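Everything below concerns the one structure shown next.
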Amino acid sequence: MNYASIFREALLITIDYRKMWLARLHRLEGLLIGFFIYLFVATTMKGFEIIFDFNFVLSIGAFYMLGASVNMLNQILDREADKLSTPKIPNTRNILKEVSLKNATIHLLVTTLALIILLIIIGNKAVLTLFAIGYLIAYIYSAKPLRIKGIPLLGILANSYGGMLLPLVIYFLFGANFEITLLLVVVMFFTWMMMFIVNEMLDYTADKKYGDKTTALFLGIKKSAWLAFIFSLSVCVCLILLTFLYNFVILILIGNVLFTGELFKLTRNANDKYLRKILPKMALYSLPFYMIYLIILGVPHLLKLFL
């Protein structure tokens with residue numbers, strides 16, 4: 001048995017975004033959205049200069065490894081259900097159809113070890129605890145007998161922790177204004193709830209065959225689309241409140257309003273064809289505004305550095 005070859009392949013999976021991002025978002029837009037959301041959260045809480053902080057860079061790596069490890073953990077635990085996914089919906093693609101279970105397990109060990117090393121280097125007990133809770137939630141999300149993925153509302157509530165983790169890590173690692181932190185926690189909560197109810201809608205057929213009782217199955221596609229719309233509308237309300245504390249947030253609000261409009265269209269036409277376009281549209285409407293936001297914050301800071 002060539003262990004070096006197995007380890008090398010597992011390592012390549014680790015650095016391949018198409019095979020490691022959040023459980024149902026292994027496209028480039030998923031990685032970019034997550035990255036820019038974290039930059040938005042961090043710069044809103046601590047200013048653009050946080051980008052040059054070594055611990056912040058380490059925290060990006062920690063989030064990457066957390067996403068990679070819990071994704072593969074859920075793929076391993078969820079492999080029987082994912083065999084029932086339909087090829088017509090690319091977001092439900094089973095990673096274990098592309099790699100062996102052995103390599104997937106090594107990938108899980110590599111990314112988990114890398115995550116632990118990064119957290120030790122960061123050396124913040126609160127941050128370590130937050131990540132540990134996230135890892136535990138990821139396990140009970142798919143593991144039997146709990147398998148909270150199959151419990152209406154509880155599954156998407158569990159996933160929302162990943163979003164709330166972003167501002168909480170910045171708060172405990174660097175300190176920040178409490179009001180801004182609280183609003184961003186709520187924004188991330190509703191954003192992640194919205195994204196994962198959409199993912200449950202994408203997984204509707206596979207979950208139904210497997211016997212899971214997800215929120216989307218419990219409510220049906222039409223009502224789930226309305227729930228996603230309400231979550232996104234709640235994000236808009238929180239962003240409006242946040243603009244009173246940080247004016248430039250209005251740029252992010254514009255992108256979210258546009259995407260909320262797309263979710264409203266989904267409530268009127270909740271079919272597979274339109275549903276598959278929702279997450280790419282989130283990237284289309286969100287990323288340009290995140291980039292403009294960071295440019296506006298960054299240019300004055302960079303001018304001070306180099307002039």
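In case you wondered, yes, glycine gets a Cβ from its N, Cα and C as well.
For 28-48 (among others), the entry in TrEMBL reads transmembrane segment. With a threshold of 8 Å between CB atoms, the same-chain residues lying at least 6 positions outside the transmembrane segment (28-48) that come near it are 17-18, 21-22, 56, 60, 63, 67, 166-167, 170-171, 174, 176-177, 180-181, 184, 188, 191, 242, 246, 249, 252, 279-280, 282-283, 286-287, 290-291, 293-294, 297-298, 301.
What TrEMBL lists as transmembrane segment is 54-73 (among others).
Residues or ranges marked as transmembrane segment by TrEMBL: 104-122 (among others).
According to TrEMBL, the transmembrane segment annotation covers 128-146 (among others).
Here the transmembrane segment (153-174) has long-range neighbours at 22, 37-38, 41-42, 45-46, 50, 53, 55-56, 59, 63, 122, 124, 126-127, 130-131, 133-134, 137, 140-141, 181, 184-185, 188-193, 195-197, 200, 214-215, 218, meaning same-chain residues at least 6 beyond its ends whose C-beta is under 8 angstroms from one of its own. Taken from TrEMBL, the feature transmembrane segment covers 153-174 (among others).
For the transmembrane segment (180-202), the list of distant contacts is 23-25, 37, 41, 44-45, 89, 91-92, 155-157, 159-168, 170-171, 214-217, 221, 224-225, 227-228, 231-232, 234-235, 238-239, 241-242, 245-246, 263, 270, 275-276, 278-279, 282: same-chain residues at least six beyond its ends, Cβ to Cβ under 8 Å. What TrEMBL records for 180-202 (among others) is transmembrane segment.
Look at TrEMBL and you will find 248-264 (among others) tagged as transmembrane segment. Remote same-chain partners of the transmembrane segment (248-264), defined as residues 6 or more beyond its termini with a Cβ less than 8 Å from a stretch Cβ, comprise 40, 44, 194, 225, 228-229, 232-233, 235-236, 239-240, 242, 278, 281-282, 285-286, 288-290, 292-293, 296-297.
Residues or ranges marked as transmembrane segment by TrEMBL: 284-303 (among others). Outside the transmembrane segment (284-303), and at least 6 residues removed from its termini, the chain residues within Cβ reach (under 8 Å) are 29, 32-33, 36-37, 39-40, 43, 47-49, 51, 248-249, 251-252, 254-256, 258-259, 262.
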